[in-house]
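**Student:** Before anything else, here's the structure in question.
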């Protein structure tokens, strides 16, 4: 997205409403959030936590429905100073020539240029949020040369950012399907994770949940501890596929080996794996199964092809970020 003032997403009706009695921070206008945590999770993914500025938080509550995303807006013309040591180290470890620095230009004024000349925006799905503190956390994959990556590299604890929301086409009704199966790739795990987490937290929802999460290698696996904890629920099972085997030289992040009974397969997910998993479900009737997808276009295209071969029609694909 370009961050245009009349965002096409704002023209769609809001499917998500805060519970009665709650005044949600997010009303589809940009709100100022202060960065209060920056932590590297994997080689390319950082966790950021943002909190609403305190003077704006009085009487408001943060409500982000599961599976929904927010838009982060960044100025196109800005200082490119590096303030956070972790982000600075990441940039130094990647070819500097692959990064694009904002070209020095005269300061633009809002009244003499288009909104999308001033800002760029990208969608991100929070993986956690705290209602009363009005804070949320996102996992963001950094891409050398990416316009938003260059903006994120300029952040530090204390930096003020602009977010708006909430957006998302997916809504969940308790026990709507007997089986909910999800296939995710990389940070595409985020919307599925929050959806599954909400279902597991609902004691009256008995939907059986199955997650297949795909990553490059063992060191790239996200939310690994959280998934192991979720596996203690009777109605949740998961498996992780990595497209390449890990080597000792890769052990910078998540260097521990595969744990006891941890369902990690160091092989690329293929059509036979998909067919075996879905064929093993108790029922594939239209009112019993919904498949969720989130990943790159080749990834979701591969999976929709598998589903078509099996005659499975109930499928929802989450919005994915295609431009870094």
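Using N, Cα and C of the backbone, Cβ positions are placed for all residues, glycine too.
Below, the features straight out of TrEMBL:
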DOMAIN    28-173  domain 'FAD-binding FR-type'
REGION    83-108  region 'Disordered'
COMPBIAS  83-94  compositional bias 'Basic and acidic residues'
BINDING   122, 123, 124, 139, 141, 148  FAD binding site
**Student:** Mind telling me which of the binding-site residues 122, 141 has the densest Cβ neighbourhood, counting other Cβ atoms within 10 Å?
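**Tutor:** It comes out as 122.
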**Student:** Would you mind listing, in sequence order, the residues at least six apart from residue 139 (FAD binding site) in the same chain with a Cβ closer than 8 Å to its Cβ?
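**Tutor:** Listed in sequence order: 41, 45, 46, 47, 127, 187, 190, 222, 223.
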**Student:** Taking every residue in the domain 'FAD-binding FR-type' (28-173), what is their average pLDDT?
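**Tutor:** Looking only at the domain 'FAD-binding FR-type' (28-173), pLDDT averages out to 84.
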**Student:** Within the domain 'FAD-binding FR-type' (28-173), how many residues are helix, strand or coil going by DSSP?
**Tutor:** 27 helix, 52 strand, 67 coil
**Student:** How far apart, in Å, are the two Cα atoms that lie farthest from each other among 122, 123, 124, 139, 141, 148, the residues recorded as binding FAD?
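**Tutor:** With 122, 123, 124, 139, 141, 148 as the binding residues for FAD, the largest Cα distance is 14 Å.
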